[in-house]
């Protein structure tokens, strides 16, 4: 099919200001070019990053903004040069919809670190047209940033994997932490953390969930299958667990001290930061030096890793624990997410919702 020159309108739910309240918003999609895929959205997960963006917590939000970067939909049309997809395919779109294609990260298949990457929303294309996300009827996306959802995987289960799943999978893959028998810690048991437990267990790791309270102990051990549970304020138990973990995946999106968790790592252990925190984190250097420990970070994952992760989850029969809601519930869902009142990811049934009020 050739380039689709006609601009088409769609309806999304947009924030207009830092109040973060979403309401229906009609806008025009960019033209569908030869390399583009036109996708009708089926569902979209809600990520904590969406909260930061709609409320301008990072100081770089532009409005109107249609959030959503855990998007699953059906391909309706493809451009003349599209080779990866055809009409009827169920596909996913994650956090990024473009990159320069020429830099070292792009040439190394880690395009998520490209300095010119284009976010799925709250960004602009090279022609100046704003990007809008997946809480909408449709999207137009370059085929390079679209991934096939494996046959048999439910769309609503696949959606959170496009961010939460690959965010955990990527550092385990990159840092050589996929082999069976490792001992890992998951700090924070939210949308990303619960997938961390599931993926690490599927890789054959001994998994310890670390939390600030005891309230999620039964959930972590009985439902998610974690092997141990630590309350960070329990000094005796934290001391017993010192020098026991090969890595910790830190998913906490608010300020917290790092020293208690560095003490849990073995020599050469890694504390991998994933939560978006606006205030400086603190630690004393001997905590790192005396154990040759590393504090590092990881950001989502590449398109290659995204495809690998989806196949891994299909093979291991892994899925997100979700609550499905309609679009008219989205503001309540955001309020609940800010209170950590979700088990563990909201997914909006976009196709089954009335987008106009």
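Just so you know, glycine gets a Cβ as well, placed from its N, Cα and C.
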Given that Swiss-Prot records 69, 70, 163 as binding Zn(2+) 1, the matching residue among 43, 47 is 47
For residue 103 (Zn(2+) 2 binding site), the closest of the binding-site residues by C-alpha position, picking from 192, 212, 275, is 275
Here the Cα-Cα span from residue 69 (Zn(2+) 1 binding site) to residue 49 (NADP(+) binding site), rounded to a whole number of angstrom, reaches 9
By a three-class reduction of DSSP, residue 212 (NADP(+) binding site) is assigned coil
Between the binding-site residues 69, 215, the one whose Cβ has the fewest other Cβ atoms within 10 Å is 215
Taking only the CA atoms, the spacing between residue 189 (NADP(+) binding site) and residue 70 (Zn(2+) 1 binding site), expressed in whole angstrom, is 19
